[in-house]
Amino acid sequence: MSYEKELAAAKKAVTLAARLSQEVQKTLLQSQVWKKSDRSPVTAADYGSQAVVSLVLERELQPDKLSLVAEEETGDLRKNGSEAFLEDIAKLVKDTLASEESYTSSPLSTDDVLNAIDCGKSEGGCKGSHWVLDPIDGTRGFVRGEQYAVGLALLVEGKVVLGVMACPNLPLASAVCATDNSSQEDVGCLFFATTGSGTYVQSLKGNSLPQKVQVSSNENLDEAKFLESYHKPIPIHGTIAKKLGIKALPVRIDSQAKYAALSRGDAEIYLRFTLNGYRECIWDHAPGSIITTEAGGVVCDATGKSLDFSKGKYLAHKTGIIVTTKKLKPWILKAVRESIEEENLYF
């Protein structure tokens, strides 16, 4: 089945949501406000991004009922005392949509914005079609003016069939070679993939044609690179790297942008192991998983099984997430299993 119409709508939705987030990030950096609280700029970006994506999908696809699995809900926005904050969010959404020529004359009330955000209350599941959204992934990177992502995926009968990810601060060339002197014209990526059609990247500004990407062809673990967030990883990551003989320093990127970077060969390994009891949300991995697998990569748990997105808002797995290339997968699985056994860890 072709998903051309859905892909076009998703690309437009994510591009506009990224535009909103970039405006908020500018304000954030100027004001030096960084804490994510109920009425912080970070939260405004989350709400605004979710509203924009919901409204664009509704307008472009006109479904009988939009099913969106997403992070935000409007309970706090509907409380007394939140009126001014809600007005600020509504203005962000209106201004963003007005920047798209086809939406300039569309009226929008605060109730419209609230209802759009609350479209994200879907539970997902194994039946029907569900959009899955992370409106702002990578809060730490976002507040520092560094890497974050807006990720959107489409689930059909429990399978991810489409993914779009905007990485507004990711260089078009390579995350590894980026410098402080990188031209702003070369920054901002839009990755997208549909099942069976490969993964592509183009400028988020829309001024370049899509280019097909592939994961790294490197088979030498001595030359392989890890992708890690800036916050301190749990110790097993270091144990696994040592077993594999990894010599290169990790490529540090916050958010799902790590999936995107791996899909185009910036690095070969991304591991995500969390503390016991933590449940992974599907919006943190659905967009990135198809972007990586359609580029020739592998996304699985520590037993080698593919991730299951059909169980609702949370992934049904307990053993971490491994993102790598098909060539390196056997070695990484072996190192992961040995490390888990040696450290007597339970996930």
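Placement of Cβ uses the backbone N, Cα and C atoms for every residue, glycine included.
Sequence annotations record features per position, and here Swiss-Prot assigns active site, proton acceptor to Asp46 (among others) based on similarity to another entry. Under a cutoff of 8 A between CB atoms, and with a sequence separation of 6+ in the same chain, the neighbours of Asp46 (active site, proton acceptor) are Glu71, Glu72, Pro135, Ile136.
The Mg(2+) 3 binding site annotation in Swiss-Prot covers Glu71. Under the three-state DSSP scheme, Glu71 (Mg(2+) 3 binding site) falls in the coil class. Other Cβ atoms within 10 Å of the Cβ of Glu71 (Mg(2+) 3 binding site), summed over all protein chains shown, number 18.
Feature annotation from Swiss-Prot assigns Mg(2+) 1 binding site to Glu71, Asp134, Ile136; the stated evidence is similarity to another entry.
Taken from Swiss-Prot, the feature Mg(2+) 2 binding site applies to Asp134, Asp137, Asp284. Using a 10 Å radius centred on the Cβ of Asp134 (Mg(2+) 1 binding site) and all shown protein chains, the other Cβ atoms total 30. Classification of Asp134 (Mg(2+) 1 binding site) by DSSP places it within a strand.
Sequence-distant contacts (6 or more apart, same chain, Cβ under 8 Å) of Lys258 (adenosine 3',5'-bisphosphate binding site) comprise Leu227, Glu228, Ser229, Tyr270, Gly288, Val323. Here Swiss-Prot flags Thr139, Ser255, Lys258, Arg272, Asp284 as adenosine 3',5'-bisphosphate binding site, drawing on similarity to another entry.
Thr139 (adenosine 3',5'-bisphosphate binding site) has a Cβ environment of 19 other Cβ atoms inside 10 Å. The active site, proton acceptor annotation in Swiss-Prot covers Thr139 (among others) and is backed by similarity to another entry.
Annotated AMP binding site per Swiss-Prot: Ser255, Lys258, Arg272, Asp284, in sequence order.
Within its own chain, Ser255 (adenosine 3',5'-bisphosphate binding site) has Asp137, Gly138, Gly141, Gln147, Tyr148, Ala149, Cys167, Ser229 as residues 6 or more apart in sequence whose C-beta sits under 8 angstroms from its own. Note: the CA-CA distance between Asp134 (Mg(2+) 1 binding site) and Asp284 (Mg(2+) 2 binding site) rounds to 7 Å.
Every protein chain considered, the tally of other Cβ atoms within 10 Å of the Cβ of Asp137 (Mg(2+) 2 binding site) stands at 27. Thr139 (adenosine 3',5'-bisphosphate binding site) and Asp284 (Mg(2+) 2 binding site) have their C-alpha atoms 12 Å apart, to the nearest angstrom.
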